[in-house]
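Note sheet for the following structure.
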Amino acid sequence: MGRSNEQDLLSTEIVNRGIEPSGPNAGSPTFSVRVRRRLPDFLQSVNLKYVKLGYHYLINHAVYLATIPVLVLVFSAEVGSLSREEIWKKLWDYDLATVIGFFGVFVLTACVYFMSRPRSVYLIDFACYKPSDEHKVTKEEFIELARKSGKFDEETLGFKKRILQASGIGDETYVPRSISSSENITTMKEGREEASTVIFGALDELFEKTRVKPKDVGVLVVNCSIFNPTPSLSAMVINHYKMRGNILSYNLGGMGCSAGIIAIDLARDMLQSNPNSYAVVVSTEMVGYNWYVGSDKSMVIPNCFFRMGCSAVMLSNRRRDFRHAKYRLEHIVRTHKAADDRSFRSVYQEEDEQGFKGLKISRDLMEVGGEALKTNITTLGPLVLPFSEQLLFFAALLRRTFSPAAKTSTTTSFSTSATAKTNGIKSSSSDLSKPYIPDYKLAFEHFCFHAASKVVLEELQKNLGLSEENMEASRMTLHRFGNTSSSGIWYELAYMEAKESVRRGDRVWQIAFGSGFKCNSVVWKAMRKVKKPTRNNPWVDCINRYPVPL
């Protein structure tokens, strides 16, 4: 059983090493077998520089909160032992200039603090577009639409069918019907038509829910990775809703499925420098424009997973919105691994040998994704984990650092653990080399993981030690809507709201990853109990059927 579990995480690759130059096998071709993990145990190795980075963020935010209690304690200790008469006597002993100067410095310091501290950013509400039923397809209908287009041979269609059966995607996802066309659908006209449908659908719902007029929006950020026309999608939104001329608009492209959190981060920065403003963030992807019509299996995979979807989020930094906001933005941590060549090319848009454009998925994707995820959660940990978990983590880290047994076991970690598991023996040296895995359930009540695929979600659950309930929103979103790219984490939050599981004070962790390779996290805190929606929620008509087994 132990060996089976170990092998499940491994993949093999035959590497051609060329012609043997010397020895008994001179002149013969040689090969080697490289063994890789599907998704590395990213919590089994910790880079201290990312732990340090997390504490750097924490100190930057908490320096004032740590200083003020100390000053209050010192002042209380000095004044607490004096009677009222003694206090007045001491004040009378000082001249007027000293007293005025002291209070002047105090007031100035308080003003500088309140003026320089980051403004709170609130999430007023959000909307997720639900396409019409004419776009709904089952897995069998999806294959038939692809066959009807006449662009795929039976071998490619069979490969698509096998991928879909193991994907975790259900029979009610949405695709543009144009994928069945024998003509070229990756045109600007087709892309604009799909973009206007999903973006305006989400924004109409958002403006209805928040009762904010489009002209009152001061910041607009639109992210779409593949489809980037001129004029931009943000300009298309401004034109459609006749927004004001001095709006700060941004259009993010080519940043993959994690771009939604990047857009939130950009909107937050804009709100810090523009008081009393609303910001709208739109996240989407165009399925038809990204449709690949070749036979390269590594480029066919995105066709099987990506589905129609769009989210629109209303943010505000106005203090009066504190009362009716749903969530407050707590933390954003971004990780970018593009400096590494393997990470940079793990998801890569290019043409195949026949000249057909598409996204190529590298065999290294799971490995580089795990590394990016490890870096991100290591940086996020000090900001969100309770002090008890941080103490246990550092105790385990010190034990691994200074224990000779841990150092020895590190060099032979794979062989030792494999042998121990095979023989059913618990290895003490392996225990020393294994770091303490923090319990993230103590830091968050709700988890929204990017629903990339069933396998990815299973690996995340295992490595983070999460329960089925923690993963429910991500799995059900994958089943009902498929991979909607950067908007997927909002469909997951909408699922939680439809289940009435979000209560005042709850912390929500959204995490997404995409090309580059990037992994980004955002943490929200619920400002109030979110009531079950009766309309304007993509889950309203089907929430009673969920969860379902995958």
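All residue numbers here begin at 1 and follow the chain in the order shown.
The backbone N, Cα and C atoms fix where each Cβ goes, and this holds for glycine too.
What Swiss-Prot says about this one:
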- 62-82: transmembrane segment (TRANSMEM)
- 96-116: transmembrane segment (TRANSMEM)
- 113-402: domain 'FAE' (DOMAIN)
- CYS257: active site (ACT_SITE)
- HIS336: active site (ACT_SITE)
- HIS446: active site (ACT_SITE)
- HIS450: active site (ACT_SITE)
- HIS479: active site (ACT_SITE)
- ASN483: active site (ACT_SITE)
- Which residues does HIS479 (active site) neighbour through Cβ under 8 Å, counting only same-chain ones at least six apart? GLY168, ILE169, GLY170, VAL548, LEU550
- Sort out the sequence-distant neighbours of ASN483 (active site) for me: same chain, 6+ apart, CB within less than 8 Å of its CB, listed by position. ILE169, CYS257, PHE305, PHE306, ARG307, ALA451, ALA452, SER453
- Query: How does the model score the domain 'FAE' (113-402) in terms of mean pLDDT?
  - Reply: 93
- Ranking the active-site residues HIS336, HIS446, HIS450 by other Cβ atoms within 10 Å, which is at the bottom? HIS336
- Looking only at C-alpha atoms, tell me how far HIS450 (active site) is from HIS336 (active site), rounded to the nearest Å. 16
- Query: DSSP three-state call for CYS257 (active site): helix, strand or coil?
  - Reply: helix
- Determine, to the nearest whole angstrom, how far the Cα atom of HIS336 (active site) is from the Cα atom of HIS446 (active site). 24
- Query: If you draw a 10 Å sphere on the Cβ of CYS257 (active site), how many other Cβ atoms land inside?
  - Reply: 27
